[in-house]
Amino acid sequence: MSDLEEEYQLEYFHEEGFERKECPSCGAHFWTRDPDRELCGEPPCADYEFIDNPGFEAEFSLEEMREAFLSFFEEHGHERIDPYPVAANRWRDDVLLTQASIYDFQPLVTSGETPPPANPLTVSQPCIRMQDIDNVGKTGRHTMAFEMMAHHAFNAREDIENPDQYAYEGEVYWKSETVAYCDELLDSLGADIEAVTYIEDPWVGGGNAGPAIEVIYRGLELATLVFMCMEQDPDGEYELKDGNTYSFMDTYIVDTGYGLERWTWMSQGTATVYEAIYPEMISFLKDNAGLEYTDEEAELVHRAARLSGQLDIDDVDDVEAARGDIAAALEVPTDRLRELVEPLETIYAIADHCRTLAYMLGDGIVPSNVSTGYLARMVLRRTKRLADRVGVDAPLDELVDMQAERLEYRNRDTIRDIVRTEVEKYRETLERGGRQVERLADEYADRGEPIPLEEVLELYDSRGIQPDTVEEIAAEHGVNVEIPDDFYARVAARHSDDDDAGETAETAPDEAAVADLPETEKLYYDEPERTDFEAVVLDVIERDDGDGETVYDVVLDQTMFYPEGGGQPADTGSISGEDVTVEVTDVQEADGTVLHRTDGDPGKGEFVRGTVDGTRRRRLMQHHTATHIIGHAAREVLGEHVRQAGAQKGTESSRLDIRHYERISREEVKRIERLANGIVTDNLTVKQEWPDRREAEDEHGFDLYQGGIPPGEKLRLIHVGEDVQACAGTHVLRTGDIGTIKLLSNERIQDGVERLVFAAGDAAIEATQRTEDALYDAAGTLDVSPQEVPGTVERFFEEWKDRGKRIEELKEQLASVRAQGEGGGEEIDLAGTTAVIQRVDADMDELRATANALVEEGNAAVLGSGLDGATFVVAVPDGVEINAGAVVSDLAERVGGGGGGPPDFAQGGGPDADALEDALEAAPDVLRRLSEA
RNA sequence: GGGCUCGUAGAUCAGCGGUAGAUCACUCCCUUGGCAUGGGAGAGGCCCCGGGUUCAAAUCCCGGCGAGUCCA
């Protein structure tokens, strides 16, 4: 079976007297010490044998098991490292959440570009897998949140051309040692190692592959030992189970995964994993929901849990089908079983979801409508629904806090605050949505029709209302609604209608062209305030800028020009040779080579003098340092969770996007501004250093990487007061050099992401002056002092509204006077009614009022105005057979326009005011013609 | 990152090219011994902002601001 059969012939297996066997049930190959064993031992080929029969000598709590594992590997030469955040998108853009310990080291460590934090190392990495969210609680073993305990070793082949091209060299240990460690760990915990099986199960994922071994004990998969050593390669000689071909890489990595929860469960032998890992929370929730079982019921539930854990279940449909099987095995009706077990399953799910939330929020994820924040919001809402359904009335923030406390998060107050805010938002959404559904249900109830599916889809898509909520409310109103099984697929279909055209590719510098060029020496870090330098032109690459203009990319041996990066725009300036000076309009970096985009060719091999635009550079440095200061100040004011979500520096203003769960108030803006300027006036030295990556991470932790993780063995750190960040930009030497920092505005660019726009130095003064100019202009117009502007404007606004009302009143009075005055208008008799035809040069409002007044008197009205073009209003009293719309339409055509309206009141007009008199003269004929028709 | 929905009286929402509306809340009057309630009258709108189309825009189009929601 195994395509990598020879890869599993481990020394350790042979020394220890293992035998390789083929499972007659599933066909898998496995290694065992027990010569009599036939089956591989993994369900469905075997049952759980540890429930009520723990597999280790002692019982372990979650914390004890984690410690036992980590210290075992520490004692065996591994360094213990701190876990990474569960928000994997903080260091990689291909995934959102951390789903395995190896995620911590992808892509830069696994590719060999960056050294691991330790080698070999051990870690217990919190992970979140949302794939089988629906199964949590039901199967007894699925959890959304878990910790993957692991030991990793990063090896690189030495028999290659440049072994030092990788950030680690040589072999730490490989397959045989890995299995030996696992075996020894099991043995040290008192497991019956005769009963352990090692199943061959090649692993493929994310473009990499390698042999792997599943470790099975008493029916439970306790660990997976992956030997990542291959990469996808069209010419590779190994075809693996995904149908692709693979070949061996220069690096080969031990990637193991030991499920902390499963090991804890194994040590306790409880009916479900949940009861082993957070027993207090389960019993709290049971109490709170008032869940009570008789001894007989408890026994039944226990037996059911035991059975359900053994079933090979992959999705919810299977769970429901399996429930029938279990009920049959227990000889009780399916409904009775469901009634007993479902509340308990819900409680398991709540506990797990709260732990998930504790990890997410504790690691600084802020609920949002995008990215990981959205996932957190989904989990939170789902948890709230589950809690409501099963009757748990403890506040959700308290439940999450129970888990956060266990996980020893320090930011528990913030976590609770976020949960409370989110629950409140959800409550509002539900309330809004509920009302909407009520209206809809009423509407369709009146018509006696079922609510169409399209409406339900719309409710879910744009208002977040679950289809079962619609069903519930519809039932209360006696309206039918059909929710198809493929509801969510239909939602997805709505979204896949329009496939957007591919983005135009960025015009990245030609990597191939610079591949042979040496790295440019960067002078701007040593003397960020110097603007001129001397250099040798190493190469000039001629290109077309896309508009038909010829431009040049100039490569120098050294440069003072800062290439665009880290949200800081490129420097501009000029490069002068003996007889030519060229303008530098853009600077980019590719593979360590700095490319100066110029409008001329300075000549390859020439000695040149470069001059950077000093004012621009100075402004950019001020803004860059200010960005760090504002980020720090925002964290002080708003909380530890505040993290950079993006930044862009400029010469006039800059912006910093930060994660925060509420709108930032004016008061908070002021405090941030005060704090930031305090740091400026303290005139602190801005320090840069290039420490070893591992030392920097040890000392400052993961928050160094506000703007992403740079590759390499060394990091450039920028210290501004207490704030430390990995940063490649240019900074002022002392904070006092910034001069001043002014926050200009803040906007919410996404839910959970606030954008702070600010200016530093001269730009701050200019921005303040602009604001003041606007205020002074307004004050000048009002002829009051700036301080009086708000009060005066408010008074004027009120007066303006009052006058509007007064004018309305007067127009109506004028209209009724005009209607009774019987002057000026031509009156004609029309089938017993008097029609008044009159020119009133007034606006549309007044025409309407006059027409209304005439109708009040029992007359038909045809009014024309020449005030703005030509406009007409025609109104007729009830019971008069004239179509006002038709009359207006006819008259309006005579002035080059159109018009219409209901039969009793119509308006219209056209641009040709000169034709107004003629039109009014024709009006009697028009009226007679149309009244006769 | 992408999609969709919504901004109208203090609140909740109708109206979706042709005279800005309803319900609740508010003020006053009446009904009642008082309360619940019932009847009547009234006040309360830059129809989010800025452009455009049109004889005419709350309504259609574009942009902005604000809010909500689904997906990766």
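Cβ coordinates come from backbone N, Cα and C, glycine included.
The model shown is predicted, which means the values in this text are computed figures rather than measured ones.
According to TrEMBL, the feature domain 'Alanyl-transfer RNA synthetases family profile' maps to A:60-770. Taken from TrEMBL, the feature Zn(2+) binding site applies to A:H624, A:H628, A:C727, A:H731. Taken from TrEMBL, the feature region 'Disordered' applies to A:894-915. Per TrEMBL, the feature compositional bias 'Gly residues' maps to A:895-911.
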Per DSSP (helix/strand/coil reduction), A:H628 (Zn(2+) binding site) sits in helix
Confidence over the domain 'Alanyl-transfer RNA synthetases family profile' (A:60-770), expressed as mean pLDDT on the 0 to 100 scale, is 89
Same-chain, non-site residues whose Cβ lies within 8 A of the A:H624, A:H628, A:C727, A:H731 Cβ center for Zn(2+) are A:M621, A:T625, A:T627, A:V686, A:I718, A:V720, A:Q725, A:G729, A:T730
In the same chain, residues at least 6 away from the ends of the region 'Disordered' (A:894-915) whose Cβ sits under 8 Å of its Cβ atoms read 844, 847-848, 851, 866, 869-878, 883-885, 887-888, 922
Helix, strand and coil residue totals from DSSP for the compositional bias 'Gly residues' (A:895-911) stand at 0 helix, 9 strand, 8 coil
Note: in the chain of A:C727 (Zn(2+) binding site), residues six or more apart in sequence with C-beta under 8 angstroms of its C-beta are A:G566, A:H628, A:G707, A:R716, A:L717, A:I718
Row A:H628 (Zn(2+) binding site), column other C-beta within 10 angstroms, all chains, value 27
Per DSSP (three-state), A:H731 (Zn(2+) binding site) is coil
Same-chain residues at least 6 positions away from A:H731 (Zn(2+) binding site) with a Cβ under 8 Å from its Cβ, in sequence order, are A:P528, A:M621, A:H624, A:T625, A:H628, A:V686, A:Q688, A:I718, A:V720
Taking all protein chains shown into account, the Cβ-based neighbour count within 10 Å for A:H624 (Zn(2+) binding site) is 26
